Structure formats: structure tokens, C-alpha cells
Amino acid sequence: MIKRFIVFGPPGVGKGTLASLVSQKYGFEHISTGNIFRSQIASNSELGIKLKEIVESGGYVPDSITNEIVKKTLADLEKEQKSYILDGYPRTLNQIEFLFSLNKAQEYSVWFLEAPSEIILKRLSGRRICPSCNAQYHIYFKKSKLDTKCEIDQSELIQRKDDQESSIIKRLEIYEKQTNSLKKYFKELGILVEIDASKDREEILKELEQKVSL
């Protein structure tokens, strides 16, 4: 039987980290719309160029683009009978309605991650990426042994534009406007699981395992 999960919450709350941990432990597919967008941007395709402009300005990718990308990805997984975790999708009522037109709402479990905004700001603004191999570091939690260089290939680490403070604040504002009513909506459907994401990753995973049948 296919298990379908949605990890939901503000930027920087740890959705990707939790989804990766669960995917590795239980063998689920981790579907990150952010990673899909970044691979499109790296390919320098027509869609990638369009996405790059939106992402670097801290803007929001239109539902029409995101929905079609997700639809194609999920169709392949459903065909192969693979369980999956959606990370970064859905984020609007339009996206939710689109997703639940593909599968019934009750076939999903929504993990709602929450943490104070100051913790989110610290987590995001401290991220550093290797532009060559995409290795990730953090100036507070996972410093490179080579200071500002990548341990793997010695490239100078960079901060993504959407991890700069001004972009983070803009993203959080967009999130608040778009998702205030979504938590209530998921709760009314009886598919919401609330998780305290201010703790460390092992404690967050433990809480999830206590609340959700994986």
C-alpha cells in the first residue's frame, strides 16, 4: 500500500531535513519542489531561467508551473507503487485542491512543523553552499573545517540569494499570507499532525514516529 505524506511549515523550519531522515530510514521517496526547481535552474532551460528570476528575488513560483511538475513526478511514483513525502508542496489552497484531485485528502498525512521566527532566521541565514558540488555547510551548526572553503573540492562557499536576510523575511511574509488558513483546513480534514520543530533533528524524528504510523 502506498503511503503519502506532506511535510508542511515555514521556510527554514526543517522540512527537508526531516523528510530526508524519514526517507532514508523507511525507504520513501523524498519529493522536494525546491530541489526540482534548482535542477531546472542548473540546466539553464527556458523554464530554469524563468524560475531563477523568481527564486533569486524571493518571489513565488506560479501554481500552474508547480502543479504540472508535481503531477508528472507523482504519476511516475503512483505507477511504481512507491510511498513518498512531499516537501514544499502544497503551499496554497489552489495547490491543495489540485493535489486532492489526484488522490483523496484522507490518503495523506500532513506533518505541520512549527518553530519561532528567530530560530528560522538563524537556520537559513547561516547556510553556505559549495557552487561546484552542492555540499552544504552552516556557519552555526556545521562549519567547514576549511572555514570559508568546501572540504570536498576547496571551492569558495557561497550564500544563496534566497538565504540572505532580506529574502528570508520576504519569504516568511509570503508564507504567512498564503498559509494562515491552511493549517485550519488540514485540521478540519483530520489529517494534520503538529510537530515542534524547534528541537534537534533526532528529537523531532522521535516525536514524529510517536504520532505517525510510518
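Any Cβ shown, glycine's included, is placed from N, Cα and C.
Listed features, source Swiss-Prot:
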type	residues	note
BINDING	Gly12, Val13, Gly14, Lys15, Gly16, Thr17, Arg127, Lys199	ATP binding site
REGION	32-61	region 'NMP'
BINDING	Thr33, Arg38, Gly59, Tyr60, Val61, Gly88, Tyr89, Pro90, Arg91, Gln95, Arg160, Arg171	AMP binding site
REGION	126-163	region 'LID'
BINDING	Cys130, Cys133, Cys150, Asp153	Zn(2+) binding site
Positions whose Cβ lies under 8 angstroms from the region 'NMP' (32-61), at least six residues beyond its ends: 16, 19, 69-70, 73, 86-89, 161-162, 166-168, 170-171, 174, 178
C-alpha spacing of Cys133 (Zn(2+) binding site) relative to Tyr89 (AMP binding site), in angstrom: 26
Whole-number mean of pLDDT values that fall within the region 'LID' (126-163): 93
Alpha-carbon spacing, Lys15 (ATP binding site) to Thr33 (AMP binding site), which is rounded to whole Å: 12
Conformational class of Arg127 (ATP binding site) under the three-state DSSP mapping: strand
Close binding-site residues near Cys130 (Zn(2+) binding site), where close means Cα within 10 Å, chosen from Gly14, Gly16, Lys199: none
Structural state of Lys15 (ATP binding site), classified by DSSP into three states: helix
Winner by Cβ contact number (other Cβ atoms within 10 Å) across the binding-site residues Val13, Val61: Val13
C-alpha spacing of Asp153 (Zn(2+) binding site) relative to Thr17 (ATP binding site), in angstrom: 24
Nonlocal residues around Lys199 (ATP binding site), in sequence order (Cβ under 8 Å, 6 or more apart): Glu207
When distances run from the Cα of Gly12 (ATP binding site) to each of the binding-site residues Val61, Arg91, Cys133, the nearest one: Arg91
